[in-house]
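> The domain 'Major facilitator superfamily (MFS) profile' annotation in TrEMBL covers 35-336. The feature transmembrane segment is assigned by TrEMBL to 40-64, 76-96, 103-121, 160-182, 188-212, 247-267, 279-298, 310-330.
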Amino acid sequence: MSAMNTKASSGGEEEALEMRSKTLGESGCSGEIKRGQAILVAYLIATLELTFLFMQMGVMPYLAKSLGLDSVGFGYLQTTFGVLQLVGGPIFGRFADQFGTRAALILSCASGSAFFLLMSISTSIPLLFLSRLPAVFMHGLPGAQKLITDLTTPSQRADALGKLGLCFGIGIIIGSALGGVLSTTFGIFVPMYVGLVGNLMNTMIAMVWIPLQARPKSDHRVTEHSNVFSFREILYLMKFPGVMEIFIVKVFAGLPVGLFLIMFSIISMDFFGLEAVESGYLMSYFGVLQMVVQGLVVGKLTNRCSERTLLRLSVFVFAGVGLGMVRLGVKWCLLI
């Protein structure tokens, strides 16, 4: 009986893979090549978008300070960004379901272009707040995750999605260092110009290299009178087993990480007196550590510990790091 179930599962995966090959307009080896190319393009788009995002994240406190915004005002600015991302996430997901992953990635990259365009002309505090608005549709990483999910079988999916963590690390390392160097050497607005050009290139890459339809039509759940802004459809997803629990864990796990990324530049600037280039190098150092830990430490622990044990261990590690940072008093302590 077990053997029959295994064969059935294998047959289902092969059938799904064949359907995706036909969706891309090819079959056999050619379809596999096109699928692999589309996945590589998804990695490229995610890496570039994260690079530009971290590039502006390290420079933003210095730009805000130059415009006369204090730490409290900067907190409101970053909160605005976070709220827009939170509200836009479900809408972006619905948009991807309605119009396809290609359209969603193009929307994300185009929104990134508008984001950096507005930042490049932000010569006052109101314009700086206005530049946050396009962030509502800037979801390149979830878009890449959806594309990879659509183009891989369940047996390939975990490995393919895991490589997006590498894209995240590369984005932190390159983006943080590049933002600091460009702003210190050429001016505070130069990283914004680079981000604008880069996102325009990303938009063109998505238009040319992402397949028009990466998912078979039979896989789509179509409902009458459904639209992108249907919160009933969004709430419907929460009713699936395990979805609400995962959502809650993701929210509470992402909160301390988000606070750290948002406020670190302010702390390094006001408390430690670091310049933009020094703060960028420090964030790049954190990115290298993250890649080493995820690639070497976490990889080995997953073979020895259960997911629940790793989750609990990560909570204690986060708490220990947070308490340790309270006692930081000198620059070199940041490296520890």
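Quick reminder: no glycine exception, Cβ is built from N, Cα and C everywhere.
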> What average pLDDT does the predicted model assign to the domain 'Major facilitator superfamily (MFS) profile' (35-336)?
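That region's mean pLDDT is 84.
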> For the transmembrane segment (279-298) and the transmembrane segment (160-182), check the count of CB pairs under 8 Å (sequence separation 6 or more) and say whether it reaches 3 or more.
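Checked: the transmembrane segment (279-298) vs the transmembrane segment (160-182), in contact.
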